[in-house]
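One structure below.
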Amino acid sequence: MKPDITFYRRFAADILSDKKIITIRDKTESHFHPGEQLRVGYEDDSSIFCTIEVISVVPVAPGDLTNDHARQENMSLAELQDVISQIYPGEQQLYVISFRRIDEG
Ligand SMILES: CC(=O)Nc1ccn([C@@H]2O[C@H](CO)[C@@H](O)[C@H]2O)c(=O)n1
């Protein structure tokens, strides 16, 4: 089965240990709905590593990211801002997808 959403492999351990409970995406991945269950795969080979349930999808501008967002990413705010500027350079409209992990694969 193909994943519904993918993550860079370096973030998988934080998701599987429930330390990372949000992801921040652009418009192309803003269509998920609360209650939806998503198969989660690795970005590099698309293999599935867990299932999550979407809690909410909330618009955010990169300049409005807070320490609270960073905590939910298991990062410092500086790290999060750095990651966002690398993955979504120049993007002014992003979306915070909150989730809970349901199982491993
Ligand atoms: C693989 C792929 O298609 N896209 C993305 C996009 C984002 N992210 C992570 O979400 C958080 C905020 O952006 C940070 O932790 C990011 O590293 C990810 O892992 N994979």
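Using the three backbone atoms N, Cα and C, a Cβ is placed for every residue, glycine included.
Per-residue pLDDT, averaged across the domain 'ASCH' (5-103), gives 98. Residues annotated as domain 'ASCH' in TrEMBL: 5-103.
Taking Cβ-Cβ distances under 8 Å and a sequence separation of 6 or more, the neighbours of Lys20 (active site, proton acceptor) in its chain are Phe11, Asp14, Gln72, Glu73, Asn74. A coil conformation is recorded for Lys20 (active site, proton acceptor) in the three-state DSSP classification, outside any helix or strand. Annotation comment: TrEMBL describes Lys20 as active site, proton acceptor.
The active site, nucleophile feature in TrEMBL is assigned to Thr23. Taking Cβ-Cβ distances under 8 Å and a sequence separation of 6 or more, the neighbours of Thr23 (active site, nucleophile) in its chain are Ile5, Phe7, Glu73, Val96, Ile97, Phe99.
Annotation source TrEMBL lists active site, proton donor at Glu73.
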Once DSSP output is merged into helix, strand and coil, Glu73 (active site, proton donor) belongs to coil
